[in-house]
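Everything below concerns the one structure shown next.
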Amino acid sequence: MKDPAVEIEKLREQLHHHEHLYYVLDKPEITDAEYDALMHRLQELETKHPDLLTPDSPTQRVGGKPREGFIKVRHSSPMLSLDNALNEAELRDFDRRVRDLLGGAAFRYVTELKMDGLSMAAHYNNGKFTEAVTRGDGTTGEDVTENARTIRSLPLRVKTKLPAFEVRGETVMSRRAFERLNTDRDEKGLSRFANPRNAAAGSLRQLEPQVTASRRLEYYTYFLLTEGRPAYESHWEALTALKQMGFKVNDKSRPCDSIDEVLAFCAHWEGERENLPYEIDGVVVKVDSVEQQRRLGFTAKAPRWAIAYKYPARQATTMIEGIDVQVGRTGALTPVANLKPVVVGGVTVSRATLHNEDEIERLGLQIGDEVVVERSGDVIPKVVRVSSQGSYRKPFKMPSHCPVCNTKIVREEGEAASRCINANCPARLKESILHFASRGVMNIDGMGDALVDQLVDREIVHNIADLYDLKIEDLMDLDRMGVKSAGNVIRNIDKSRRNSLPRVLTALGIRFVGERTAVFLAQAFGSMDAIERATVDELQQAEEVGPKVAEAVVQFFSIPDNRELVDRLRKADLQFTYAYSRPKGGPLTGSTFVLTGTLPNLSREEAKQLIEQAGGKVASAVSKKTSYVVAGEDAGSKLDKAHQLNIRVITEAELHAMLRGE
């Protein structure tokens, strides 16, 4: 019989190894299912042998019970801020000061991307993670140990000869995780986070560690200390050691032998910053030698041996000269500010979104006001706030009729957007075609704004289905269209006929039906015809389809013009059927589960994956077709409904037993 302590330790070693490969090196060696199997075997053993549970176990990453507040902790040595260099001249001044203070001695720099997140120190004893503290005021921070434990790229144990040490680094949220988080908050009716930095800071300081665990934070290290002092004689050596110990270190960091090399590094990443998976706001430049750092010393607030080269601000102040209204593919009217041109983050900006009428009212904004404009990535710039009211300000009023087709606009109760309800509005048609042809939908390369404008304005295309009737000669007389480019567009249109039913559903532009919902509808019904005939109640049996989505689908197919459009697309040989079969033979085949509350060890997503891998189905709402409700702490109305419908309620432990076929 196996010694459980030995098996537990072996499982922990395996899981730590695979977490490092996946979350730090991005080089996984096993599948998610294999990782889950190891994790759940460890959870099973720790449940049976609670005396063997330790804080550094991978199972403890999911987060513990909510806290009442954060304890203040004094840092082993101050986490100082850095002086800033805002241009090349200031960076060269820094270099001159360093050379003067070092008396002409040879030295080199290390350059690191300045990641835009929340600074945090993590402490280890005998290779095991023990404590995490935010930067705070630089002298004292907040104990966020339980929240930090949920960050997968922060190792809970490392192999090292150092008996006790501290790492310092930046807690960040990737652009992708940020977009997912805001999309999720939109669906729940919650306010959006302004930027990834705010999202990372708010996530790390959650009173409920399980919320932090769901936010996909990452931790990049840049300092290694023992007893509050650098552990190695060069900064580059310390970064190398951190990598070898299993910490995530930004792989863009470089040693530089001169200030010209430093400036070249800064210029390169300023041009590439929008292509990075995370946000940066500059470059940190450090003298590499720790001995030379000591000689250079500190000012009252910052080290003399390091500086932050800040990229141009992505906020600027300018004046609103007017407000236009744009019409989207769903008919939503969006007010857009016409700005006095201003450079924001190196790009000249003359327009910025105002989102909707409520946002204008919230900002207290009028034409003629001075406003702060922010630009982030490829997203259209937005107005953040009014900085000063104009002397001759003029209030904006949303038009009562569509600015393109003059149809009376409608604003439904509970909605922020006003809408043009004319399905034949030229502006709506243009946006619908662009959506239909976009990457990730029907992916018709070459179908851009300029071509779509001409197709609609010259009345060559009256609806989406007309695209499949186009011939090369229809495009030949259009601006910037030759035989070759016209042929490419026609070939790409033809190739799009092979796209799957979920893509076709997404392309139709039905309200609330995005890529994910389209997949669930295709899986549940198998064909466009079945979806078109389905009732609101029947549609809600599909995974993650609630009343709002179901009603939108039924409403779409109730409109004769939409049914005619779908019929024409069917005749154009688009894919209207979908072959999908759920995993068969699993222990949960035929059962539908609903998850509610906070589970002890599994996140919602982890539980969902396990159920589906075992052949089961996870629904978002409790109904008569629900087989089991898996309830954790703080279960809400779903638990009450389960009791009302006499549906069996089970714990996470019972779910694990069912997964094992018991």
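Using N, Cα and C of the backbone, Cβ positions are placed for all residues, glycine too.
According to Swiss-Prot, the protein has these features:
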| type | residues | note |
| --- | --- | --- |
| BINDING | ASP32, ALA33, GLU34, TYR35, ASP36, SER81, LEU82, GLU112, ARG135, GLU170, LYS286, LYS310 | NAD(+) binding site |
| ACT_SITE | LYS114 | active site, N6-AMP-lysine intermediate |
| BINDING | CYS402, CYS405, CYS420, CYS425 | Zn(2+) binding site |
| DOMAIN | 583-662 | domain 'BRCT' |
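Feature map: annotations from Swiss-Prot on the structure.
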| residue | record | contacts (Cβ under 8 Å, 6+ apart) |
| --- | --- | --- |
| LEU82 | NAD(+) binding site | VAL284, ALA302, PRO303, ALA306, ILE307, ALA308 |
| LYS114 | active site, N6-AMP-lysine intermediate | ILE280, ASP281, GLY282, VAL283, VAL284, ALA308, TYR309, LYS310 |
| ARG135 | NAD(+) binding site | MET79, LEU118, SER119, MET120, ALA121, GLY141 |
| LYS286 | NAD(+) binding site | TYR109, VAL110, THR111, GLU112, HIS235, GLN293, TRP305, ALA306 |
| CYS402 | Zn(2+) binding site | VAL327, LEU333, LYS408, ILE409, CYS420, ASN422, CYS425, ALA427 |
| CYS405 | Zn(2+) binding site | CYS420, ASN422, ASN424, CYS425, PRO426, ALA427 |
Practice problem: Out of CYS420, CYS425, give me whichever of these binding-site residues has the highest number of other Cβ atoms within 10 Å. | Solution: CYS420
Exercise. Starting from the Zn(2+) site formed by CYS402, CYS405, CYS420, CYS425, give every other residue of that chain whose CB sits within 8 Å of the mean position of their CB atoms, in sequence order.
Key: VAL327, GLY331, HIS401, PRO403, VAL404, ASN406, THR407, ILE409, ILE421, ASN422, PRO426, ALA427, ARG428
Practice problem: Let me know the DSSP-derived helix, strand or coil state of LYS114 (active site, N6-AMP-lysine intermediate), please. | Solution: strand
Quiz item: What are the helix, strand and coil residue counts for the domain 'BRCT' (583-662) according to DSSP?
Solution: 26 helix, 17 strand, 37 coil
Self-check item: pLDDT averaged over the residues of the domain 'BRCT' (583-662)
Solution: 81
